[in-house]
Structure formats: structure tokens, C-alpha cells
RNA sequence: GGAGGGGUGGCCGAGCGGUCAAUGGCAGCAGACUGUAAAUCUGCCGACUUCGCGUCUACGAAGGUUCGAAUCCUUCCCCCUCCA
């Protein structure tokens, strides 16, 4: 195991840990902003770091198409290329097997994609996906899998999961172990407990530096997602980090930490920020709505982000309405800052054995709703 | 003075005898967004409405032709272009 994971404290099933990567440590529970194409959209790398992020996600599929993995490698790797000196986790392309279902053909050996950029065919196998992630210099490499869509017949979920397990084994062989670098396996099996169990056992038998839970937050709803975590997480090795892929909203993250998850990534704070939605302690706000037109207050007077320290809701509303680029920038910044505030709060709560109290306060405040309009 | 082109819902702009409360776009009002084909997408957008239809008022104004007119005819009002 060349990726060290230290378990610092626990409170119930919740864990406080530390991952040491070749590009710095990552305090867990951790949220990883998504930087698909070598950029966390609408954010400068330094600003991403200032929110408290210690690791971002990059994407095999997108970087393979453009500018190309070999080109990134020749330019010194993804950290240097995007000027992000900290840790990077790369998705394997497995999500695109689902999200680009109209543009790909899947077979036992791998997946052929037709590029949405120029129509050219690209081939991704477990081995090539790992190789690309090496070329990108990812600190954490993800196994190539198929993110199983939902809803799905059990038979199809089983076939999909077993294919991903086969690919996980092939990826493990292709992975070049180095100090500070790690490979994660991804548990599939949709919402079927016995399939999740089969998948978890298959992965632990192979042995990975960390274990991800994939195929969730794809439409099944929070309750089913939590149920699936409750049956899956206990099957994962306690001494390895656990990553819930693609999740989620603040309440999803909090609930998953309570169930033993250590790492998260999600486009929600960045994408929603670009589409005028702000996440706050007291719930969600759509800054495009007319009710903010004359509101001189910040999104959240207790938030320390630049949007909240320097700008009114009225101004942010104006920027969004005017389609000024600063609008998406500031809202993305706010959302990422708020997400990292949550993670800081979760980590501190677990350290001080006050997790239950923290969650109660979190839920109470979220339920209270936005401040009344002026 | 002469010749020609126009006036359509908040704006721009299609339609040129029925299937038109009237294509589109913008503006406006909301909603969605979960390992990013996303600075994207969806719904509503004359009035009333039991929100399902329906009813009413509508395509510069007034008349007329027609079973039926935003669409054809007459007159009037206004705008634009070119020539004097």
C-alpha cells in the first residue's frame, strides 16, 4: 500500500482521517471539487485552494479527448499543466460509460466512445484507463468501471457489476505502484445488498489502496442511497479510505459521513453555482429569482467567502441577470467555500466526539429555511 | 409633389382566407441540476378561469366582401426608403 491512510478519530461510524499523497495530505472527511477538463470551472486554482480544498478531481475521458494524455504528460503532468500543486484524483471514464450511453459501445474488453467533440472513436480499456491516469500523474487512480444506471433489473446490475469487477482486477495488474500514489476499487451492484456484498468481497480479495462506492446518486433517492451505504460500508476494510462517488448535496454528504464515508466529489457546488444556485446553512437560494433584486444582504452573513464578504444578493442577482461571468465565478466560489465549511465542521465534530450534536444543529438550521425577505 | 415599402401580443419578428390566442427569438416568472457532452436544460408567459376545457377581447382605425379575415377590398391615420 503506497498510499498511507491514518485513522485519527471515530465517532459512531463517522471517521476522521488523513491521506498522505505524493502531492500533500488530505484531511478526511474530504470534499473534492470536480475539475473535469483540467479546471474547476469558473475558479482559479489558488481560489480553489483558499476554500480549503486539498484535492480535486480530474477526468480521464475528457483529458484523453482534449488535450490528450500523452500531451499532458509531456507538459509535466496534470498538476503542473493546470497549476494545481496539491493532490489529484482522476475518474477513470466509468461515469461516461453511463452518461454517454448514446455515444458508446461496451464489450467485455472495454468501451468504444464516439467523441462528442469531433466524432472520432476513442477506445478505453481498464488497462488504457489506468495508463492514462498514470500519464496525468494522478495521485489517486480510479478503476475503470461501468457506473450502473438506475433503475436497473437485478440481472443487468449483476452483469454490469461483474464486468466492473473483472476490469478492477485487470486495472490492478496495470497499475504501477509508487510511494504516495494509490489505486481505488469501485463497489457496484446498484441497490441490491447481495450484489454489493459480492462486489465488496471481490474488490477486497484483489486489494486496493481505497474503496469507492459507485453507482449511487443516479436517481434512486437519498433513502435508498443511505440504505445501500448501510449494507455496503461495513464490508469495506476499516484501514482504507472510503469514497462515495459523485455525491452530493450537503445533506447527502453529512448522512454519508455518518455512515462511514471519508471522501466525496460532486459537480453540484460548481454546476449549481454556474446556474445561479447558492447552497447555504439555511438551505438553497436561487439568485436568479426576482426576490433578491433589492436585497442588500449577503447570501450568508456568517460565510467568509468573497461573495459573502464583499457583495449583496442584489448585486449577485444583477450579475446573473446580466450574464456577467463574475456571477458564476462568485457563486461557485461561495458554494465551494460552504462545502468546505461543512467538511471542516464534520472533521472537528468527529475529533471532539460531538458528531451527533453537530448533525442535529446542521439539520435544524437547514430546515429553518432562508432568512425572510427584507 | 412623385414612386415604393410598412404598421402583428412588453420588444424584435413570422404568418398573408379556415387547422391562429397567432411560429421563432428576446425580455419576464418559476423549476431542475449528484464520479460535468452543462455559463446547461425544462415549464409558464393576452384576460378571466373549477387551470381541463372553456369563455371573452385581440394583428394601426373605421367600414366592406365572405359561411369564415391578422390575411382580400375601400377610406382614413401613422412610419420608413428613394426621386424631385
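Glycine too: its Cβ is placed from the backbone N, Cα and C atoms.
Source: prediction; values computed, not measured.
According to TrEMBL, the residue from A:68, A:119, A:215 that belongs to the substrate site alongside A:91, A:92, A:93, A:94, A:95, A:145, A:188 is A:215. Looking up the ranges A:232-238, A:239-245, A:246-252 in TrEMBL, the one annotated as region 'RNA binding' turns out to be A:246-252.
Looking at the stretches A:260-264, A:265-269, A:270-274, A:275-279, the one that TrEMBL records under the feature region 'RNA binding' is A:270-274. DSSP gives residue A:265 (active site, nucleophile) a strand state.
Long-range contacts of the region 'RNA binding' (A:246-252) within its own chain (CB-CB distance under 8 A, at least 6 residues past either end) are made by residues 95, 214, 216-218, 222, 225, 264-266, 268, 279, 338-339, 342, 362-363, 366. The recorded positions A:91, A:145, A:265 differ in how many other CB atoms lie within 10 Å of their CB, and the one with the most is A:145. Note: the CA-CA distance between residue A:94 (substrate binding site) and residue A:265 (active site, nucleophile) rounds to 14 Å.
Through the fold, the region 'RNA binding' (A:270-274) approaches residues 33-34, 40-43, 328, 331-336 of its own chain, all at least 6 residues removed from its boundaries and within a Cβ separation under 8 Å.
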